[in-house]
Amino acid sequence: RATFISALVFLLAVMGGTSPAASQSSAPTEPMCYDWGESSEGAVSVVEGEVGWLSCPLFSHPSVYNYTSTQSAGHNLFWYRLPEGHDLEQPITSRLSKDRERLFLQPAAAADTGQYICMLRNKSSCSKIAIRLKVLRPDDVVKCALPVAVAPIEDLIPLQEGKTLDCPDLQDATKMSESAPKVQWYFVCHWYPFWDSDREQKGNSLQVHLMMEQYQGLYYCRVQYQRRNQTLNFTRSINVTAILPLSLPKEPSIMNPTHDQIFTVKTGTEVRLVCRGQLPFVLDKPWREIWWTVDGKTLDKLPDRFTQINRVVRDHFRDLTIENILVIQDFQSKDLKREFYCSVKNERGFDTRRAQLEEEVSLPTVELGCGLGVTLLLMLILFVVYHVFWLELLLLYRSWFGTDERHTDDKEFDVYISYARNSEEEQFVLLTLRRVLENELGYSVCIFDRDSLPGGTITDETLSFVARSRRLLVVVSPGYASQGSQALLELKAGIDTMALAGHLRVILVQYKPVRRKGWVRELRRARVALALVRWQGDKSRELSSRFWKRLRVELPVRRDMKKSTAMLAALSVFTPENISHQQANVFISVAL
């Protein structure tokens, strides 16, 4: 009967709104109904075959509408239904019952999906609001769990502690049931019992005696009750999460920056100051925050170039380690004088720490790079110069710092020349070696066949000449040092004098190539320890050739004017026009 009357009232209201004459005649008595639109709380979901209910959103704010006070003021609450795909409102069916501000579906069917309108009105005022209902099929929500359309509530249990879990909305089922409701608990694909002694069902509640980490997860409770000879049920869920024991310290602390940490910054760049804080979870008062202040001001009161980035580094049973990064764009010199503080706070305490800044000392990278490049280039040039002109450099050094042996000994000759007594070697010695050494370089040369007196003993004269000379220049050729020859005597005398007294140096000049098998024993031994200067024919005739430079390195130092003039002439090879083609090729190969 109440349903029929409410439907009749609805039809009369609709007819009155569509008839202009009726609208004018009833205007003083029929108030305009204010439409709040659809509820912003979102759709209500219920599983098909289970009990569900809709609460009128007008009473979601008791300070605006209160059910008891509205009844006292003569207001009546009406429910209408707008099925899915329909445009006209329909009255509710007998399967849906109203209790105070709620509309119960006992049970819900798939056809109940749609929009429901609750209207609160009296003779002077009218308000209405819509709420959407969505009926889900069990197959759409079951995944190794019970079908639950209502979002789970969250419950926190400290580790190593206990708590009692009560099924949500159980009191509503008690009011509607004709007998005491029954509750069955479900966890991770298993009905109670869960095969452990830490969790126990007592009556309709689930008692957790000792919370463990593995006990976290979704707990389902199915409520079953009797109404009007019909067995009804609904299912709810609780998301149980473990937190650290309440006995542990809950004061926040700053982990970074440390007391002695210094941030190195560079002006004109983006600077990032990292603050990391430990923020424990406080039960019933979970709020906590971490922030930066600059000169006592929060970032919302500073220019846009100051921003911050928050991220959770670690979540350990709701105890968070949060990192807050202060980003400063275009860091300026005046920012070094600012005070940067990082702070953390929760219900149990507060901690703050100052970030110490230090300007980075910028290295002159361009200058260092140029200096290093120039240094490497100079080293390369010096290496090339030494590789190509090492003889010239050595001669130049000897001319400046070398010691003239004429002032340190009583020798009569600078060079004693030993050679094979045949026409070709004799011509080379007399016309080439002697002429250049005496006339061009200013050395005193001793040649036995020229300087010995007639009638003397060859052996005694040879030993005397060798002993009075500073160098023994041995011209090596295929005919040199034949067994029993005078050249062999000169070679042995020179080697013995050099080995015993050390006042004589032996120089080997290879006039023509000689096979090693043709060398006598003394010559082979001397070749290992002594320098060998090779004559290369016409290529070695010029005084600036490599042959004469090598030879002058082995000869005694001269400091007289004649020698200096010859030295300068020899060193003229440093000019580009006098560099030989072979030396130029060497220079290019080394540079590459």
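Don't overthink the numbers, they just go from 1 along the chain as shown.
Quick reminder: no glycine exception, Cβ is built from N, Cα and C everywhere.
Note that this is a predicted model, so its numbers are computed, not measured.
Marked as domain 'Ig-like' by TrEMBL: 20-130, 147-239, 252-362. Taken from TrEMBL, the feature domain 'TIR' applies to 411-555. Per TrEMBL, signal peptide is recorded for 1-23. The transmembrane segment annotation in TrEMBL covers 372-397.
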(request) Could you give me the DSSP helix, strand and coil counts for the domain 'Ig-like' (147-239)? (result) 10 helix, 46 strand, 37 coil
(message) Let's see if you can do this one: DSSP helix, strand and coil counts over the domain 'Ig-like' (252-362), in that order.
(response) 8 helix, 65 strand, 38 coil
(request) Taking helix as H, G and I and strand as E and B in DSSP, count the residues of the domain 'TIR' (411-555) in helix, strand and coil. (result) 72 helix, 25 strand, 48 coil
